[in-house]
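Asker: Sending over a structure as structure tokens; questions will come in a sec.
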Amino acid sequence: MIEREDNVSEDDKTVDALAGKGTEMMVDLREYLKVYFIMGSVNCKKNPAEVLREAIDGGITIFQYREKGEGALEGKQKLELAKELRKICLESQIPFIVNDDIELALDVDADGVHIGQEDESAAEVRSKIGNKFLGVSVHTLPEAEEAIQNGADYFGVGPIYPTSTKVDAKPVRGVAFLQELRSHGCQVPIVGIGGITAKNADAVTCAGADGVSVISAITHAGDVRAEADKISKAVYRGIEERSTADR
């Protein structure tokens, strides 16, 4: 980071803090984050492996294994499902991320880890996972600044819209915080999450997100492949709208 003089404004300090890593490293990550599918066994109405394969066929670009909630798998069962889903991602050449469980991520050689504000600190996780991707959920500018300083590669921002997936979800933010992050010079890849569907994904990427995270819109769909495809098209439509507006 470029050193600034002592009389620099607080806004300029925020821009520096949110600038993040070099743009070259982020180009591929932004592409991976376009359609970010999150799922655990409790989210599925059928075999999770089948759901993942269909979602990949529909155009998801990255997958996060999140085994949480009532009835979630534990121990050996959790490990075995993680291995199965990891294998599918390897075959399809899409990144496999593990939510919160660092030990599991290392056991299956995941491509990265995603953590929330109530989980282990980003600095501690970074020290354990080395150069793997590290995603952090943020809800305020100070949280975003701290996450970057501690090695975050991307942000999960939300909930954008009301969601029933997380019973302890933070207050709904809409797209306002996405716009706030960008207005403060945030160059770190951002994924919007919370209540996102094919009907509103374009608004999220148009507002500044690089991609969207989806759980129930895909896992509860009658046709998983078709729904993932609709979401993918909406994501790219929003990005194109933003690009056109910036010209």
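Note that the numbers count up from 1, one per residue, in the order the chain is shown.
Every residue, even glycine, has its Cβ placed from backbone N, Cα and C.
According to TrEMBL:
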DOMAIN    35-218  domain 'Thiamine phosphate synthase/TenI'
BINDING   Gln64, Tyr65, Arg66, Glu67, Lys68, Asn99, Ser137, Lys166  4-amino-2-methyl-5-(diphosphooxymethyl)pyrimidine binding site
BINDING   Asp100, Asp119  Mg(2+) binding site
Asker: Using a Cβ cut-off under 8 Å and a sequence separation of 6 or more, which residues in the same chain sit near Ser137 (4-amino-2-methyl-5-(diphosphooxymethyl)pyrimidine binding site)?
Answerer: His114, Ile115, Gly116, Gln117, Phe155, Gly156, Val157, Gly158, Ile193
Asker: Over the span of the domain 'Thiamine phosphate synthase/TenI' (35-218), how high is the average pLDDT in this prediction?
Answerer: 95
Asker: Please report how many Å separate the Cα atom of Glu67 (4-amino-2-methyl-5-(diphosphooxymethyl)pyrimidine binding site) from that of Asp100 (Mg(2+) binding site), as a whole number.
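Answerer: Each residue's Cα considered, Glu67 (4-amino-2-methyl-5-(diphosphooxymethyl)pyrimidine binding site) and Asp100 (Mg(2+) binding site) end up 9 Å apart.
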Asker: Which one, from the binding-site residues Arg66, Lys68, has the smallest tally of other C-beta atoms lying within 10 Å of its C-beta?
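Answerer: Checked Arg66, Lys68; of these binding-site residues, fewest Cβ neighbours within 10 Å: Lys68.
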Asker: Starting from each candidate's C-beta and looking 10 angstroms out, tell me which of the binding-site residues Glu67, Asp100, Asp119 has the most other C-beta atoms.
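Answerer: Of the binding-site residues Glu67, Asp100, Asp119, the most buried by Cβ count within 10 Å is Glu67.
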Asker: Sequence gap of 6 or more, C-beta under 8 Å: which same-chain residues meet both conditions with respect to Gln64 (4-amino-2-methyl-5-(diphosphooxymethyl)pyrimidine binding site)?
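Answerer: Listed in sequence order: Tyr36, Phe37, Ile38, Met39, Ile97, Val98, Asn99, His114, Ser213.
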Asker: How long is the line from the C-alpha of Arg66 (4-amino-2-methyl-5-(diphosphooxymethyl)pyrimidine binding site) to the C-alpha of Asp100 (Mg(2+) binding site), rounded to the nearest angstrom?
Answerer: 8
